[in-house]
Amino acid sequence: MMGHYEAPIREPIITGDKSYHDVTLDVVAPIEGKANKSWYIAFTIALVAFLWGVGAIIYTIGTGIGVWGLNNRINWAWDITNFVWWVGIGHAGTLISAVLLLFRQKWRMGINRSAEAMTIFAVFQAGLFPLIHMGRIWNGFYTLPVPNPLGSLWVNFNSPLLWDVFAISTYLSVSLVFWWTGLLPDFAMIRDRATKPFQKKIYSLVSFGWSGRAKDWQRFEEVSLVLAGLATPLVLSVHTIVSFDFATSVIPGWHSTVYPPYFVAGAVFSGFAMVQTLLLIMRKVSNLEDYITRVHVENMNKVILVTGGIVTVAYLSELFVGWYTGSSYEDFVYLSVGAATGPYWWAFWSLIMCVAVIPQFFWIKKIRTNYIWTFIISIFINIGMWFERFDIIVINLSRGHLPSSWTMFSPTFVDIGIFVGTLGFFFVLFLLYARTFPVIAQAEVKSILKSSGNNYKRERDNPTAKKEEVKKETVIIKEEVKEEVAIEKIDIASDEEKQAKTNSLLDSLGKFDATTQKPDDLKKISGIGPVMETTLNQIGIYTFDQVSKMTNKEYDLLDSITGSFPGRAQRDDWAGQAKKLKS
Amino acid sequence: MSSKVIHALYDDDDVLLNAVKEVRAANHHIEEVYTPFPVHGLDKAMGVAPTRLAIMAFLYGITGLGFAIWFLNYIMIVDWPQNIGGKPSGSFLENVPAFIPVMFEMTVFFAAHLMVITFYMRSKIWPFRKAENPDPRTTDDKFLMEIEVDGNEDEMTSLLESTGAIEIKVKEKH
């Protein structure tokens, strides 16, 4: 057990005295069970919002961008605000799965799967905006450098908007394969448990035939590590490139060299807030309280505190540099009509409150470790970070170099509708994910169970109170080897005693009528091989229905008839298995 | 060649690791070990050669970078050396700062995707591939060691029994 040593100061991150099998059962519970009423209510609301958004998008494309609240001066507003907001949210997923993997943080295991799902779904939403904010979306493919009959006419690689195309598509595709590769062992587990044929087919398809060989695992871990090493600079570069949309411009308030790191810090900040919002609900709804514990929530709050601090420092440095440059345009940015005292003062102060002030409450341990407070503050952060992007984009555009083009922006219902639609779409995807995907990376959680499970830690801390060793008996099975170890054929008819037992067995299980019923493939029951199936058929047991009625009494009868492998049927729970196969 | 294999089932990763070491010490060849999660040190104990996927990823990354440099140079400098907003287009180096974001993304893109595809090909995993783990419990909480039997069935069985296997199954090889 030395390999699982961990300093006693570390708190357990898996509670509830879990065994490996318990982890399996907890992870598959939402998938194998049925959705409850609140899931359907939430799903319906999300679906309605999504459809409303689809309507707003179709209206925009059909009528023109003029249905939005944009004007001549403020030509980016909710569209790009929402784009940056969604991309930012997506960053926490990669941070949790990649950066925390590089730093060997074990607490990432409980949350990485859902955080990555959140990344993927958030980047889907983000990816919509660069498309639908185009005036001519049907020419969108011109952003790709594809040989064409116009010369070839290429794209201009000087534009950060083109860098965005490369950054977002690389980010989405790499995140997707990273996530999917991690899912293979978990899908394989569901596949091997599935009893319904359709479910089995689906999970066989998506698990790509994962078998969990030693070599597979060795490669799997190497791939995860290298992908984490690639995803970390990727996640930094993607939001850096998004920040270039503004930082490379000449607009006062946008042209700033602090943007790349500051946007990335903001992305991690807002992303973690969204992870908190989602997981605090999910741990309750999906009964994952033992895997997403107080320790996870507190650690995430600490990351929020750090990145929130970085963002606040960036605000202060912007303020300082705005004053220090002596540029009268830059001077506007914070203290003048450009922000704090202008017509958008409410947006500016909401930002300061939600991002720079409220998260500072996490310095207090009582608040940091409290689920309710964490949830409330995470909502404030989500709102605050939306305002950050809105302020950067809209306030700076509304008060530019030339006072004659100063203007205001107000969104139309289409702007709002599309944003609501992306929220709906996000939750549609996330809710479907929560019911069909293993939301905890069970293979990873199992690998840290012995170092971080509370039962194992307890044993380690009190070696005297160690569990008594249960001596396990080895079961040796040779029945599935045909010919060599063939079971003696049971001649039932000749043995009167056996005949009587058989009759009483069939009385309780029900007789098989070959004219109306079809025999089932009893080999599907684990523990029944071809030989045993023949034996059962000789006795007169052909269907799952019959097997499912077996109780201890019938097991004993069966054992005494066949005279082989006593207790086998009971141990493998043939009746339970048959019951599942029957349905 | 023998036509039989022994499947020894374990219910604990530490027991399995010891068993692997003992079986190897007794000079038996372990065909395969199936585990539900990565057991650290298992590949070392089994004597599995280290994987070269990281080296491949590096080479793929270099390929991506080379491709990006070639195609940015071709498009921006060779084919249409235009003046776009006063950006210099006389040579690649003059305008290289604007190319770095795309060069970087292409490097990551090639390295990540080609490595993952290589992994899938080498480990033979892809959609519609049939799973080959002999016991469905090996993706849940059991660990299975597969050893070829070469006329020494009883000896193998008792050795495996002594290593703490919970179930030993002699099977026809297929």
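Even glycines carry a Cβ here, placed using N, Cα and C.
Any TrEMBL annotation is an automated prediction that lacks curation.
Sequence-distant contacts of the transmembrane segment (A:39-63) (same chain, at least 6 residues past either end, Cβ-Cβ under 8 Å): 128, 132, 137, 285, 413-414, 417-428, 431-432, 435. What TrEMBL lists as transmembrane segment is A:39-63 (among others).
Beyond its flanks by at least six residues, the transmembrane segment (A:83-103) meets 111-112, 115-120, 122-123, 125-126, 129-130, 133, 168, 171, 175, 178-179, 182, 224-225, 227-229, 231-232, 234-235, 238-239, 242, 263-264, 266-268, 270-272, 274-275, 385-386, 389, 393, 422, 426 of its own chain at Cβ-Cβ distances under 8 Å. Taken from TrEMBL, the feature transmembrane segment applies to A:83-103 (among others).
Residues annotated as transmembrane segment in TrEMBL: A:115-141 (among others). Packing against the transmembrane segment (A:115-141) from elsewhere in the chain are residues 57, 60-61, 64-65, 76, 79-80, 82-84, 86-87, 89-97, 161, 164-165, 168, 171-172, 175-176, 178-179, 182, 271, 274-275, 278, 418, 422, 425-426, 429-430, 433, 437, 439: each is 6 or more residues past its ends and has a CB under 8 Å from a CB in it.
Annotated transmembrane segment per TrEMBL: A:161-183 (among others), in sequence order. Within the chain carrying the transmembrane segment (A:161-183), a Cβ under 8 angstroms from the stretch's Cβ atoms is held by residues 87, 90, 93-94, 97-98, 112-113, 116-117, 119-120, 123-124, 126-127, 130, 143-144, 155, 206-207, 220, 223-224, 227-228, 230-231, 234-235, 237-238, 241-242, 244-245, 437-438, 441, 444, all 6 or more beyond its ends.
Under the heading transmembrane segment, TrEMBL lists A:223-242 (among others). Residues 83-84, 87-88, 91, 94-95, 97-99, 101-102, 160, 163-164, 166-168, 170-171, 174-175, 177-178, 181-182, 260-261, 263-264, 267 of the same chain lie 6+ residues outside the transmembrane segment (A:223-242) yet bring a C-beta within less than 8 angstroms of a C-beta in it.
Residues annotated as transmembrane segment in TrEMBL: A:262-282 (among others).
Positions annotated as transmembrane segment by TrEMBL: A:303-324 (among others).
Under the heading transmembrane segment, TrEMBL lists A:344-364 (among others).
According to TrEMBL, the feature transmembrane segment maps to A:371-388 (among others).
Residues or ranges marked as transmembrane segment by TrEMBL: A:408-433 (among others).
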Best-packed against the transmembrane segment (A:344-364), counting Cβ pairs under 8 Å over A:262-282, A:303-324, A:371-388, A:408-433, is stretch A:371-388
For the transmembrane segment (A:262-282), the distant same-chain contacts (Cβ-Cβ under 8 Å, at least six residues beyond its ends) come to 84-85, 87-93, 95-96, 111, 114-115, 118-119, 122, 235-236, 239-240, 242-243, 288, 292, 296-297, 300-301, 303-304, 307-308, 310-311, 314, 355, 359, 371, 374-375, 377-379, 381-382, 385, 388, 430, 434, 439
